[in-house]
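What follows is a short report on a single structure.
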């Protein structure tokens, strides 16, 4: 079943301009968090344009939502049923960032970023989740301004929906990101539960067992304690459990080495407790194939440093017009009690869940006759590889400095073009491809 989208009505007018500006601001903020190479001083995202070509949507399956969408926040800030009621919320927007121990820091602003206070918008937040306590390192800086897409969508995007953009009402954005842990092939969380794809709610994170089972396995595992995968995969060692006859604990502490007890205690304190929402019969999830090949455009300006006659002698502006986006992937849209969860599946996970589809094979690389640098995959087999990207092709048109006699002063900008294209692809895959997913309150 295909879905028709009135692309012009959805992306034009004041609402379309606001949405385009918020997307531009979001991508710009992500570029500010990237470590730039030595030959680039700065990167600025100037504009974003939806273009005139609409994507194609085809519903592939309707099933129960993934179990991951039922998980509540560890820090207790998850909105309850009463908090997502129809009562208007304060106009200020909050921004919070959780820590591995569940602590959160927040900062509030008195306006919604565009100068006008929206008294009907709910609090938007940015959050990262780290399953099984595998987090190590510093958190990235939070976004400068949370994106409230609910104000920008309009009913033309999904004509049959009763609300702007998605069913329900004014929506606001929450972001969840869960690292993949380097799994691929049959080790991916989705592949491990593909056998029960039609038997009930799925969890793309079933590769991590519940904390209770992990604690039991940690006590009985002697070989996998120091392995990075020991916290995320089941232990293969046997479980030895003694039954106490004098009313004591089932385990004899004398038989547990002191070093193992210390490690076990560390694992117990590091593993978060997954609190799940109650599943209801009216919860549902839609898997749809999304194809796009149009004239969407992203304009970026990069400052290139010249090292002659001395290091960092001068900076030249390089204008990059990124266009030629070609996208083909499977989108997941789950509706769970006034929440819309949206993400994309990696090509490998999509083939595991829906089966390999010859129609979804990668298209051949675009043959550009204007010497434009482009990025595309050339895999033409029916089953896509795990390293295939959902963004099949991206092209960039570069313009540096001033022009003389219709020719550019400098043309050797291949390194900058390659870097920018790689970052655009990485931002998309890290922010929209599972295990990352976006939550809209409706």
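Counting starts with 1 at the first residue shown.
Cβ atoms are placed via backbone N, Cα and C, with glycine included.
Swiss-Prot tags one of the stretches 8-66, 67-125 as region 'Disordered', and that stretch is 67-125.
Checking Swiss-Prot for region 'Disordered' across the ranges 364-387, 388-411, 412-435 points to 364-387. Taken together, the residues in the domain 'SMP-LTD' (1-442) have a mean pLDDT of 62 on the 0 to 100 scale.
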